[in-house]
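Peer 1: Feature table excerpt (TrEMBL):
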REGION    206-225  region 'Disordered'
TRANSMEM  53-72  transmembrane segment
TRANSMEM  148-168  transmembrane segment
TRANSMEM  180-197  transmembrane segment
Amino acid sequence: SPLLAVCFAASCGIPGIALLTLGVNPLTGALGAFNIFLYTCCYTPLKRMSIANTWVGAVVGAIPPIMGWTAATGSLDAGALLLGGILYSWQFPHFNALSWGLREDYSRGGYCMMSVTHPELCRRVALRHCLALIGLSMVAPVLDITTWTFPIISLPINLYISYLGFRFYRDADRSSSRKLFFCSLWHLPMLLLVMFTCKKSVLEKEDKGDLPGGSREGAMEISLP
C-alpha cells in the first residue's frame, strides 16, 4: 500500500541522512536529503507531466558521486562538480537508448518520455552528451584533478560511445539503441577506472604548493576519492 511504501522509505531515508550528517559531514547529509527530495517530489511526478523529467533525473543520478567527493574531502569543489558532470552526461545516452526500445510501454503507461513525444530530440540529446564526455575528460587535467594521460587514454572509449551515439541518431532503430545502451554499461566503470588511475596524487599537489600548509604530514592526512 502507499502507506507501507512511505513508512519503509522514511525508515530508510531518515536514518540514512542522520548517519551521513553525524558520521560523515553535514554537507554530505544535506546533499543526500536534497537528492531524496528531488527524486520523490520532482522527478517522479514529472514522469507523467513533462519530458523535463529526464533532465531532473540526470541531476539525481549525478549527485551520489558528488556526495562521495564531499564525504572524502569535506568540500564541494571542482572535482566534485566534474564527477557529477560526467555522471550527468553519461545518463543521457544510457537512458535515452534504453527508453527507445520501451516506447510502446511508456506510451501505454502515460509516461512523458523523449523517446515517445520527441523521438528526434531523444536521439540528438544522446549524441550531444556522448560528445560532452570527451570535453569533460579534457577538463579534468585543466582542473588539476588528473594527469594529461587521462583524456588521451579515455579518448578511444569516448570516441566509441560517440560513434554508437551517432549511429543511434542516424539509424533510429532498436539495434543501434541496444548497442549504445550495452556500451554505456561498461563505458562508465571503465572511464572512472581510468580516471582513478590517472588522478593527481596528493603528494604531487603538495610539492607544487597547492595544498594549505605545504607540509608533507598535512598532505598525508588529506585523501581524495
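Each Cβ is built from the backbone N, Cα and C atoms, and glycine gets one as well.
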Peer 1: Could you give the residue numbers and ranges of same-chain residues that sit at least 6 residues beyond the transmembrane segment (53-72) on either side and whose C-beta is under 8 angstroms from one of its C-beta atoms?
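Peer 2: Residues packing against the transmembrane segment (53-72) from afar: 20, 24-25, 27-28, 31-32, 34-35, 38-39, 42-43, 46-47, 79-81, 83-88, 91-92, 95-96, 112-114, 223-225.
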Peer 1: What residues elsewhere in the chain lie close to the transmembrane segment (180-197), defined as a C-beta under 8 angstroms and at least 6 residues from its ends?
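Peer 2: The answer is 86-87, 90, 93-94, 97-98, 101, 126, 133, 137, 140, 146, 150, 153-154, 157-158, 160-161, 164-165, 167-168.
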